[in-house]
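If you check TrEMBL, you get these features:
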BINDING   ARG131, TYR145, PRO146, MET147, ASP148, ARG149, HIS172, GLN185, SER223  Fe-coproporphyrin III binding site
ACT_SITE  TYR145  active site
Amino acid sequence: MVEAVETMDGWWSLHDLRTIDWASWKLASEAERQEAIKSFEKLVTKWDTVEEAKNGSHAMYKVVGQKADLMFMFLRPTLDEINELETEFNKSKFAEFLIPAHSYVSIIELSKYRPAKDGVDPETLPETQARLKPILPKWEHICFYPMDRRRAGDENWYTLEKNVRGKLLYEHSLTGRKYANKIKQFITGSIGLDNWEWGVTLFAHDPLEFKKIVYEMRFDEVSSKYGEFGEFFIGNILKKEDIASFLHV
Ligand code: VOV
């Protein structure tokens, strides 16, 4: 029987995408719009406080294209906290002008393909803990997409021996390392949690780097033979201080 791989699981994650109902936003009174903006800013301040206390993290982006207008990525220690956060958001004045566009539930995941060094469980290392409970970068651009590992005929990831999968992922990591300082990647696992097996969230200063890394990785065996991809979402950062001008009509 093929051996599964053990995973190290960190903070829970929610990608929450919303479309702004611009028609009702424009029909609202100026006082109502101001109330909605204030409610949104208040929430962001609360999320910032959680992040400062290192009890979670968030990212907030304006989506390019018509799939949504806003993309949030929330990280919290428990699924309950994720749920509380989205419910509080849904109850806010601002949410009266938002239409859910898409959501994705997963958990920050690292896998244990490499044998433990000197018998030390990697999960106990501070650097691993920092990667499992990361503070998301506030870089200018985000790219999010879900993916699966193929399970078809001879191209079946789940019938490959663990050491073969480990080797293919090691080769994948070599391509990834070329993008150090250009791309920050967060892999969230969603097997048993959502429709795809992993979520890939990338941050970049230059959005062209998304195309470059994804293109180059398409030729790595782990992607060319065993990668299946879902919808892509691309966004530009929305800073708290720019909320009012972004929503100005
Ligand atoms: C920015 C660079 C970068 C780097 C350095 C990097 C490195 C690594 C390492 C070392 C490992 C394995 C151990 C672990 O940490 O789990 C992984 C794992 C993984 N990756 Fe990756 N990846 C990157 C980037 C990166 C990208 C751009 C993609 C999308 C691939 C594409 O074709 O569109 C991706 C996917 C994944 C996935 C889905 C997994 C989990 C697969 C599984 O079967 O378990 N990844 N990845």
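In case you wondered, yes, glycine gets a Cβ from its N, Cα and C as well.
TrEMBL annotations: computationally assigned, not manually curated.
Feature map: annotations from TrEMBL on the structure.
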residue : record                             : Cβ contacts under 8 Å, 6 or more apart
ARG131  : Fe-coproporphyrin III binding site : GLY10, ILE108, LEU110
TYR145  : active site                        : GLY199, VAL200, PHE229, GLY230, GLU231, PHE232, PHE233
PRO146  : Fe-coproporphyrin III binding site : TYR104, SER190, ASP194, ASN195, TRP196, GLU197, TRP198, GLY199, VAL200, PHE229, GLY230, GLU231
ASP148  : Fe-coproporphyrin III binding site : TRP196, GLU197, TRP198, GLY227, GLU228
HIS172  : Fe-coproporphyrin III binding site : MET217, ASP220, VAL222, SER223
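Residues listed for Fe-coproporphyrin III, ARG131, TYR145, PRO146, MET147, ASP148, ARG149, HIS172, GLN185, SER223, cover a largest CA to CA span of 23 Å.
Ligand 1 lies under 6 Å from the Cβ of none of the recorded positions ARG131, TYR145, PRO146.
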